[in-house]
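Listed features, source TrEMBL:
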type	residues	note
BINDING	Gly20, Thr21, Ser22, Leu23, Asp24, Gly25, Val26, Asp27	ATP binding site
Amino acid sequence: MKGSNSFKTGLVKAVGLMSGTSLDGVDAAELVTDGMRIESFGASAYRAYCDAERTTLQGVLGRWPGDGLADALDVVQTAHTEVLQDFTPELVGFHGQTLAHEPRGRGTHQLGDGDALAQAIGAPVIWDFRSNDVQLGGEGAPLAPFFHFACAKWIKADAPLAFLNLGGVGNITWVDPSKNAPEEQGALLAFDTGPANAPINDLMQSRLGLSYDKDGALAKKGTVETGALELFLAETYFARMPPKSLDRDDFSVMLELVRELCDADAAATMTAMSAAAVMQGMRHCPSAPARVLVCGGGRHNPVMMHMLREALDCPVDPVEVVGLDGDMLEAQAFAYLAVRVARGLPTSCPTTTGVSANVGGGILSRPNETE
Ligand SMILES: Nc1ncnc2c1ncn2[C@@H]1O[C@H](COP(=O)(O)OP(=O)(O)OP(=O)(O)O)[C@@H](O)[C@H]1O
Ligand SMILES: CC(=O)N[C@H]1[C@@H]2OC[C@@H](O2)[C@@H](O)[C@@H]1O[C@H](C)C(=O)O
């Protein structure tokens, strides 16, 4: 961690902020933790991006490094400041908006200024969670796995299980809850499975002017085109050993593969592709998980959930069945990770990002530091 490394001991009331690849809005969630154990969950809030703000953000996706980001930065700062208005956090975990993610190329960049946010809200902010991991040879993503380990302990899991996030991109964390710490050998294996909702959203936008396929209504009417599905599964990403991660638009090939199909068949085929990507990922897990707990917006899509249940021979449930909040899990993760960063604890390890050693990252900005 850069910046000052002294932070209060004991439990911290932290708020995590997540602006995901779907560009729908900012999630904020409170968590009380010592950086290891979850003590309690707290309030949450959501601040949607309006159409104009989303257009501004869409316009700068992938445009990093570069100029012309001031308007988009303004959108990010405003939304994150507003979503925090009813919270009184002791610490904030500020993920920012990923503009580009190319760990072995130009790096990873989350738009957002933690210094400015700390000034605006009058509380310390941890930000830039991913850069250090990338600089040390890691993928910089996914980072939620250390929190998934804490969740597995919190639900008192007694057998290896998997947390599956179906956001714009999909990611999975296999957890052995018998281990004592997330960085212990054999405790975690994590990676991005493939595209999840982002390409479906793009299809809906380009063909019908809609932002997503609500409840899989369009996919439900269509037929999966198996030829396109097979071509998709031939992509080399799926055979690659984890850890591995993706940028939002790394699978733009999906839109190409369904170009000739009618709207309903295209939606059905893309939904099947996202589910099949998860299945491919399952083969990399150290053992078959006893259950799969799903978070992220994709768990609201009954067609996607049905496809996963058909293909997996273990229970596949939304995380709500164990008392977690699937819309807020990522925001909670960044509250948890912020406390770990403030305490000098690692936030990733070789089996979650491929980084060479257990590592923490992040910058701590205090409200008075830049005044
Ligand atoms: N009722 C629903 N039916 C179908 N799809 C849904 C539904 N609700 C949400 N989704 C999908 O979930 C997406 C939002 O998921 P989520 O908020 O988990 O993504 P994110 O956090 O932005 O992405 P990431 O985890 O990749 O950063 C929406 O854009 C939509 O595609
Ligand atoms: C670079 C980046 O922002 N990656 C996101 C994205 O969205 C899902 C997947 O791809 C995951 O790797 C990650 O987010 C979650 C919160 C993570 O780091 O665990």
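A Cβ is built for glycine as well, from the same backbone N, Cα and C atoms used for every other residue.
Heads up, TrEMBL stuff is auto-annotated, nobody curated it.
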Quiz item: Given the binding-site residues Asp24, Asp27, and counting only Cβ atoms in the protein chains shown, which has the most within 10 Å of its Cβ?
Solution: Asp27
Quiz item: If you run the three-state DSSP split on Asp24 (ATP binding site), which class comes out?
Solution: coil
Self-check item: ATP site, defined by Gly20, Thr21, Ser22, Leu23, Asp24, Gly25, Val26, Asp27: further same-chain residues with Cβ within 8 Å of the Cβ centre
Solution: Met18, Ser19, Tyr49, Gly168
Quiz prompt | Nonlocal residues around Ser22 (ATP binding site), in sequence order (Cβ under 8 Å, 6 or more apart) | solution = Gly167, Gly168, Asn197, Ala198, Asn201, Tyr212, Gly297
Quiz item: Cβ-Cβ under 8 Å from Leu23 (ATP binding site), same chain, 6 or more residues apart: which ones?
Solution: Tyr49, Arg54, Leu57, Gln58, Gln97, Gly168
Quiz item: ligand 1 is in the model; which of the binding-site residues Gly25, Val26, Asp27 have a C-beta less than 6 angstroms from one of its atoms?
Solution: none
Exercise. Specify the count of other C-beta atoms within 10 Å of the C-beta of Val26 (ATP binding site).
Key: 25
Exercise. Would you mind sorting out which binding-site residues among Thr21, Leu23, Gly25, Asp27 put a C-beta under 6 angstroms from ligand 2?
Key: Thr21
Self-check item: binding-site residues compared (Gly20, Gly25) - the one with the fewest other Cβ atoms within 10 Å
Solution: Gly25
Self-check item: Packing count at Thr21 (ATP binding site) (other Cβ atoms within 10 Å of its Cβ)
Solution: 21
